[in-house]
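Trainee: This is the structure, below, for whatever I ask next.
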């Protein structure tokens, strides 16, 4: 096999890739050295803005196979036939730290799944917890600012973290998840994934159901203690990435079983708490899990930058039979994610291979044109306006999901209150489900952070939330904080 020739970006052969052109042996370098200038300029532009959240991530390809009939609940084509397989790409991530952060840290994990269906790409952009810290997107920038590095100290500050939580009692449920054992998964393979939000399914008869997604790991749950994680983060900062890549390369393919909870739309208005509140779960006793299928990851990306860093997910990427719910946090994300990708990757990010729909030959069929890095050569007979007389793409007239009934006046509103719509009952229930060992680790983790908070009023507000969740919970955290402060 003949040796390939090294070329410039324009395709010209490179004569010397070891020495820059200069004026004599020891003279200054020449600006006419096209290869040097091009190589340095290209290097300066290798990085793009990192994600403002979920920057540190890993990903893999695989497939989703339907194992159980759910055609009575959704007419989504990729879910309509038992045995049907759909190609997928799954990106895991941490949330708060930067691209260079460690994997083994206490942080929620992103679980962003792209289904390359025959009706377009469907993105399910979830986490490894079923709930979240807040329920209104207007608080999201402030929440993330409080969790990321302080602009003065350049480090994550317990004062900021717990101060925001002190003013956000709705975060108590997710805090209990995060500070418990599942706050540090041993690997991406050994954690569950959740859609977290409530979505809408519509069947072929036009009947609608609200739905929650649960991906249960087939590898079993494995977690790290704070000490184990600190040691691993120092020894192998990319531990989760290493584990995922090596497992797939060995042929040990990680898998998850998908279950859903389904609520008839008519039941939502009278349910005992707001079913669209992402800080709460639906009790399985009310809406039991129904198995749908199996997710398997079996192929690593060839290029992490091209396929993981440039992967773009948006909760607004639906397919026929699936749509959004009135969940406020979801509604905010429907805009924010796609807008973040337009900033980070450009308006044509859907033309990148990892993001391009496979359902339409040649890419998406619409009248969007041009923009930075446009690679889709639509011209000549492809008109850039609609309607037209040239057989261009036309609308179907069929909405992806059933419409939702709304009423009331415009304005800013508190989330609707139901009989048991408080911030603490489910946090207390989660605490009481834990074993004694799990409770001890939860209390120790919380106390370790709270003991570093400088303001007593912030500590007291947080303790009040844990007392409201469960008196024993609050008392144990309070005593542990006091003991650490006395030391």
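Residue numbers in this text run from 1 along the chain shown.
Backbone N, Cα and C atoms are what each Cβ position is placed from, and that goes for glycine too.
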Trainee: Looking at the ranges 1-20, 21-40, which is given as region 'Disordered' in Swiss-Prot?
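Mentor: Result: 1-20 is the stretch Swiss-Prot calls region 'Disordered'.
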Trainee: Excluding the flanking five residues on each side, which residues at least 6 beyond the ends of the region 'Disordered' (1-20) place their CB within less than 8 Å of a CB in that stretch?
Mentor: 29-30, 33-36, 38, 42
Trainee: Please list, for the region 'Disordered' (1-20), how many residues fall into helix, strand and coil according to DSSP.
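Mentor: Counting residues by DSSP class gives 0 helix, 2 strand, 18 coil.
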Trainee: According to DSSP, does residue 127 (active site) sit in a helix, a strand, or coil?
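Mentor: Looking at the DSSP assignment, residue 127 (active site) belongs to a strand.
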Trainee: Mind giving me a neighbour count for residue 54 (active site)? Other Cβ atoms within 10 Å of its Cβ, every protein chain shown.
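Mentor: Neighbour count, Cβ to Cβ under the 10 Å cut-off: 23.
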Trainee: Please report the distance from the Cα of residue 54 (active site) to the Cα of residue 127 (active site), rounded to the nearest angstrom.
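Mentor: The separation of the Cα atoms works out to 10 Å.
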Trainee: Which of the listed recorded positions (127, 337) has the least company, meaning the fewest other Cβ atoms within 10 Å of its Cβ?
Mentor: 337
